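What follows is a set of notes on a single structure, which appears directly below.
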Amino acid sequence: MHGPHDAAPTGELRHAGSADPPSWFTRGRDRVWLPYAQMKTAPPPLPVVATNGSRIRLADGRELVDGVASWWTACHGYNHPHMRIEIARQLETMPHVMLGGLLHEPAARLAERLAALLPGDLGRVFFSDSGSVAVEVAMKMAVQYWINNGVRGRTKFVAFRGGYHGDTTATMAVCDPDEGMHRLFKGLLPEHLITDLPRDEATTAALDRLLGERADAIAGILVEPLVQGAGGMLFHDAAVLRRLRALADRHGTLLIFDEVFTGFGRTGSMFACDAAGVVPDIVTLGKALSGGTLPLAATVASERVFRAFWSDDPMQALMHGPTFMGNALACAAANASLDLFEREPRLDQVKAIETQMTAGLAPCRGLPNVVDVRVRGAIGVVELSTIDIPRLKARFVAEGVYVRPFGRIVYLTPAFTIGAEDLARLTGAIVTVLSEP
Ligand SMILES: *Cc1c(COP(=O)(O)O)cnc(C)c1O
């Protein structure tokens, strides 16, 4: 069923002796500015020399079972042969050509396939190279949608507490104000309307009021459907999204789903909007879009949105164009990834992961420091009342797994191809480490 990359040994992890770090590591390590890291005090990164399936091999020979899938991207595991072959094939023909005045088959095929997969008439695909930029493009699209329709002053977005939409300045401004970096960058960030998700009658009424009062200023509502990821792996149900659709329609504003995290099976359906039965006006995709191989993102608009840009006036064109947009290698990778969703039982694998994680993480429920255990699709979360992140990170590595807690949560987002034994190692390591005093 899986490719040969899954033939990796599932028995004991190898623990070779502690060889000296490789020279590339000692020479270059202080030159690389790492993400979200206090460079003075953070422990050094782990030198990685290879990946395979759900395993990360370190320079000293140890192999870690990967619980993160490289920020949720590597849905087919690492080094899937079909991904490798298709990317190599594209490399031979044409690694990249700009989309300025040119078009190539990988981008055209990918756009056609995404349009066919997405619900409703979401089918006008604007490519970019990161999730943050895809969200920025969605925001520009929404603002210009109103301008092109002759409506001025609609430049604010309604977004939600617990949300995360990226690290660029426009997207930071629509992240959760406490989790995000609003305070640090006050003065740089435009102010948007960040409020509670309409989970019940009171919050729905409050949002209804806000949309009514600020209708003339609001360009759109921006939400991560079903699961708010980097803001804390917070779940909400489909009814919340149906309320958002109804409220957006009542107040005549645009609804944007940021599916950079939830897209491509992570929550159990191909897209979260499928499970919710709600069609947004714009959707953003990224992360697993290229199967965890090359940077690629997309902003997909409905006909209603696209039509606002369809005119004889050049100033009514969408004013955006990343240098590497629609990169041919990345689009070939995304096409190969979609092939795998067709040929291999990815959504069944997500179901099996959900079942196994639910059972495997259940023992955490009784632990004194645990406030919640939740699983949806291939996302497993243990929420703690207090957390010692550096200690946990080190203990997980010692247990032979790569798990990266943040905020007050320990979570798993494994590759969908992970074997049952490797997944048991991940959940077992979490139970073991969280059971320690
Ligand atoms: C990761 C993420 C982004 C940002 O994507 P980058 O590729 O890191 O820029 C945006 N929205 C959501 C929901 C994400 O999970």
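From the backbone N, Cα and C atoms, a Cβ is placed for every residue, glycine too.
Annotation comment: TrEMBL describes Trp71, Tyr164, Lys287, Gly321, Arg404 as substrate binding site. Tyr164 (substrate binding site) falls outside any helix or strand according to DSSP and counts as coil. Taking a C-beta cut-off of under 8 Å and a sequence gap of six or more, Tyr164 (substrate binding site) has these contacts in its own chain: Cys175, Asp176, Glu179, Gly180, Glu224, Gln228, Gly229, Ala230, Gly231.
Within 10 Å of the C-beta of Thr323 (pyridoxal 5'-phosphate binding site) we count 10 further C-beta atoms, all protein chains included. For Gly131, Ser132, Asp258, Pro322, Thr323, the entry in TrEMBL reads pyridoxal 5'-phosphate binding site.
Residues annotated as N6-(pyridoxal phosphate)lysine in TrEMBL: Lys287. Residues near Lys287 (substrate binding site) in space but far in sequence (CB under 8 A, at least 6 apart, same chain), listed by position: Trp71, Trp72, Thr73, Gly131, Val260, Phe261, Gly263, Phe264.
As annotated by TrEMBL, region 'Disordered' applies to 1-23.
Secondary structure at Asp258 (pyridoxal 5'-phosphate binding site), taken from DSSP and collapsed to helix, strand or coil, is strand.
Residues listed for pyridoxal 5'-phosphate, Gly131, Ser132, Asp258, Pro322, Thr323, cover a largest CA to CA span of 22 Å. In the structure as shown, the Cβ atom of Ser132 (pyridoxal 5'-phosphate binding site) sits within 10 Å of 21 other Cβ atoms.
Taken in sequence order, the binding-site residues Ser132, Gly321, Thr323 that lie near ligand 1, meaning a CB under 6 Å from one of its atoms, are Ser132. Thr323 (pyridoxal 5'-phosphate binding site) sits 32 Å from Arg404 (substrate binding site), counting Cα to Cα. Summarising the substrate site geometry, the residues cited as binding it (Trp71, Tyr164, Lys287, Gly321, Arg404) extend over a maximum Cα to Cα distance of 34 Å. Trp71 (substrate binding site) has a Cβ environment of 16 other Cβ atoms inside 10 Å.
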